[in-house]
């Protein structure tokens, strides 16, 4: 019984991070160059960066699911606070 209780405590401790919303940088194609402060996202969202192929802009934000890249774009999703800084 003690072993089960200890195992549950360890699992709960490891999952604590997933209970809190992430802080993600959020900016669009017009404001990407001054995206300097992370904002709180909804619980369960992940951070993302959407890059165009020639490096002229980057869209940053948070979403329930990772966005789909369009032609000449690429997407990077991440799962810890402020992970979409660069």
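In case you wondered, yes, glycine gets a Cβ from its N, Cα and C as well.
According to Swiss-Prot, the features are:
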- 24-47: disulfide bond (DISULFID)
- 27-35: disulfide bond (DISULFID)
- 41-62: disulfide bond (DISULFID)
- 66-77: disulfide bond (DISULFID)
- 78-83: disulfide bond (DISULFID)
- 1-21: signal peptide (SIGNAL)
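A map of Swiss-Prot features onto the structure.
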residue: 24; record: disulfide bond; DSSP class: strand
residue: 35; record: disulfide bond; DSSP class: coil
residue: 41; record: disulfide bond; DSSP class: coil
residue: 47; record: disulfide bond; DSSP class: strand
residue: 62; record: disulfide bond; DSSP class: strand
residue: 77; record: disulfide bond; DSSP class: strand
residue: 83; record: disulfide bond; DSSP class: coil
Within 10 Å of residue 62 (disulfide bond) by C-alpha distance: pick out those among the disulfide-bonded residues 35, 47, 77, 83, and say none if nothing qualifies.
47, 77
Between residue 83 (disulfide bond) and residue 41 (disulfide bond), what C-alpha distance do you get in Å?
13
Can you check which residue among the disulfide-bonded residues 27, 35, 47, 77, 78 has the largest number of Cβ atoms within 10 Å of its own?
47
Sorry to bug you, but what's the C-alpha spacing from residue 47 (disulfide bond) to residue 41 (disulfide bond), rounded to the closest Å?
8
Spatial neighbours of residue 47 (disulfide bond) among the disulfide-bonded residues 27, 35, 77, defined as Cα within 10 A: which are they?
77
Which one of these disulfide-bonded residues, 24, 66, 83, has the sparsest Cβ neighbourhood, judged by other Cβ atoms within 10 angstroms?
66
27, 35, 66 screened against residue 78 (disulfide bond), Cα within 10 Å - retained disulfide-bonded residues:
66
